[in-house]
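Student: Next up is a structure, given as structure tokens.
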């Protein structure tokens with residue numbers, strides 16, 4: 001019976017990775033939810049927007065590294081994020097000008113815009129792969145661990161080690177800053193208020209003199225920032241591969257829908273719900289349980305509910321359960 | 001058959017024949033065969049989206065189920081594996097099904113979430129307790145060569161309808177759960193289901209060897225090597241002035257092309273009859289105004305489920321055809337861009353709501369998908385001609401040529417949506 005060790009093992013293998021992953025998902029889902037709220041369609045190209053922004057950031061990271069610029073213990077990629085955001089913003093604004101604006105003027109049905117975003121997805125996907133290739137890219141540098149497992153064991157004398165990767169800490173800190181900034185912007189600035197007004201009721205917002213094109217432009221800029229930051233953090237924490245980012249679409253959408261599409265608060269809650277369930281269900285609980293029960297009861301199997309191959313199934317099942325019992329999501333999203 | 005339809009199909013014929021004359025007849029037939037398979041997939045998606053307005057982006061999953069059907073039907077059973085754990089494994093699957101059925105019963109009777117959850121959790125542990133040892137036993141039987149239960153050893157052609165049935169069954173289950181959802185929720189749900197089906201194919205080694213792949217599947221046409229050893233065939237080839245190796249590969253591909261064409265024509269005729277029948281008019285009425293159709297007393301939910309099952313069955317048949325053509329099941333190659341979104345491009349470009357359009361889109365887009373790479377290779381060669389032979393940028397650009405096809409597909413889709421939103425052959 002050793003609850004302290006059990007808790008450390010739980011933190012090491014479930015809580016900390018899930019918090020980092022949840023923050024990344026939340027940032028991604030915020031982007032999806034903003035597009036849904038303002039532009040009123042589900043953007044299938046969002047995963048590839050993340051991949052594109054991250055790609056630009058990676059290119060700048062390599063350039064900085066080759067010039068010997070670094071942030072010391074922090075990853076150089078943090079310095080490249082603004083450039084990644086600028087690249088993604090330029091691409092998104094160009095796409096909006098060339099592609100989406102036409103359908104907006106026509107007041108096309110949302111489902112047409114979803115199909116259009118499929119085409120955009122193909123193009124972004126191709127762009128990223130032409131420039132950087134389809135393979136894994138490494139761009140993380142700086143200190144790997146905030147606390148290593150060995151150090152922790154030496155410090156505390158516990159049997160279990162606790163490792164906190166610096167990328168996990170950076171993810172959490174960055175996510176908190178970004179979310180705080182976003183909510184401050186949406187709540188207190190004039191532009192933020194006009195965005196919320198536009199999202200609530202388009203006609204009323206137009207009547208009160210809000211310029212829709214400006215609202216849309218600001219939305220794309222914010223989405224570019226959110227997507228790039230989420231993408232870079234995910235890439236630093238795990239690894240960068242265009243296909244993985246495409247596949248992130250599913251958990252990101254699941255987070256946004258579970259929280260309630262169009263609701264920023266819901267997107268964050270959804271991100272953490274999906275992340276915790278994914279990590280929790282594919283984790284082999286043997287180690288934690290072994291500390292909690294008397295030795296004689298120690299489990300024989302791994303106590304893994306599902307193998308890691310099924311992590312997509314987890315987001316999916318949660319998505320379906322929420323939709324069946326609360327169709328607009330936990331935080332009452334909107335429906336177009 | 002209007003002049004436009006005729007002209008566009010003639011264009012497809014010219015493109016494929018041109019490939020035969022310029023490149024080789026083998027590549028022309030390869031394009032033709034996969035074009036036929038793509039056309040069947042596009043017919044399925046057109047049934048769902050074009051005629052009923054259902055947004056299914058889980059095509060990949062149904063195609064993969066069709067592939068699985070080929071293994072389960074046509075491969076010879078592995079008796080040692082069956083002896084090791086077959087019955088227990090089947091029992092576990094039955095118990096799993098009963099648990100889920102029981103949970104829905106409980107929910108309908110008492111409507112208590114905790115009761116259902118307790119029942120499900122208990123059922124899950126019983127299921128795993130039955131399943132895990134059986135799976136381990138089966139997978140331990142000569143894992144390098146088999147390690148799975150094998151199939152039923154039936155003729156491979158039978159696996160095509162079986163693929164359709166398997167996909168239809170899965171679609172029925174999924175439709176029961178997800179069809180009530182709004183269109184973009186349905187899209188995300190089907191996207192997820194496709195990923196889950198692929199995950200099952202990859203992880204459950206006892207079923208179709210997972211990522212170890214099943215190769216050397218039985219074929220409905222003769223093997224090249226047998227033809228080359230057949231003096232009659234060699235003689236016939238010589239009378240056409242061809243060497244036996246080329247002649248045998250072309251003969252085999254022609255065999256597939258004939259089989260696929262017969263099937264495509266049958267399915268196309270059925271789809272056209274369905275579209276022109278009262279049933280087809282009802283489906284289009286539901287698509288165009290669900291509320292009005294419901295007010296006329298049409299059972300919208302049931303009709304949606306019906307058409308979802310039918311369309312998915314077509315995708316399953318196509319998946320079985322494709323796996324038969326490949327002669328192997330490789331779960332790792334199923335990627336949503338290729339097997340879901342590309343099929344969507346086919347339907348949209350061809351003309352959603354028009355069966356002939358879907359078939360045309362299947363051929364044209366597949367042709368582009370294959371031929372964009374050599375074209376881009378040539379273009380990139382011109383662009384980089386000024387650069388030094390050993391320049392890193394040149395090497396990188398030449399390497400990335402095969403990624404250009406994704407870019408092209410996106411551009412084609414956007415251009416068609418913008419300038420001819422109803423596709424090349426619009427719905428009448």
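Cβ atoms are placed via backbone N, Cα and C, with glycine included.
Feature list, courtesy of TrEMBL:
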TRANSMEM  B:30-47  transmembrane segment
TRANSMEM  B:54-75  transmembrane segment
TRANSMEM  B:81-101  transmembrane segment
TRANSMEM  B:113-131  transmembrane segment
TRANSMEM  B:151-173  transmembrane segment
TRANSMEM  B:185-203  transmembrane segment
TRANSMEM  B:254-275  transmembrane segment
TRANSMEM  B:304-322  transmembrane segment
TRANSMEM  B:342-370  transmembrane segment
Student: Which residues of the same chain, at least 6 past either end of the transmembrane segment (B:113-131), have a Cβ under 8 Å from a Cβ in it?
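Tutor: Residues packing against the transmembrane segment (B:113-131) from afar: 88-89, 91-93, 95-96, 99-100, 102-103, 106-107.
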Student: Are there residues at least six beyond either end of the transmembrane segment (B:54-75) with Cβ under 8 Å to its Cβ atoms? List them, or say none.
Tutor: 41, 44-45, 48, 150-156, 158-160, 162-167, 170-171, 174, 179, 183-184, 186-187, 189-198, 201, 207-208, 214, 217-218, 304, 307-308, 311-312, 315-324, 329, 331, 334-336, 338-341, 343-344
Student: Can you tell me which parts of the same chain pack against the transmembrane segment (B:304-322), counting only residues 6+ beyond its ends and a CB-CB cutoff under 8 A?
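Tutor: For the transmembrane segment (B:304-322), the sequence-distant neighbours (Cβ-Cβ under 8 Å, at least 6 residues beyond its ends) are 34, 36-38, 40-41, 43-48, 51-52, 54, 56, 59, 62-67, 69-70, 159-168, 170-172, 174-176, 179, 260, 263, 267, 283, 286, 343.
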Student: Using a Cβ cut-off under 8 Å, which residues of the same chain at least 6 positions beyond either end of the transmembrane segment (B:342-370) come close to it?
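Tutor: Sequence-remote neighbours of the transmembrane segment (B:342-370) are 5, 8-9, 11-12, 15-16, 19, 27, 30-31, 34-35, 38-43, 45-46, 49-51, 57, 59, 264, 268, 271-272, 275, 284, 315, 405, 408-409, 412-413, 416-417, 422-428.
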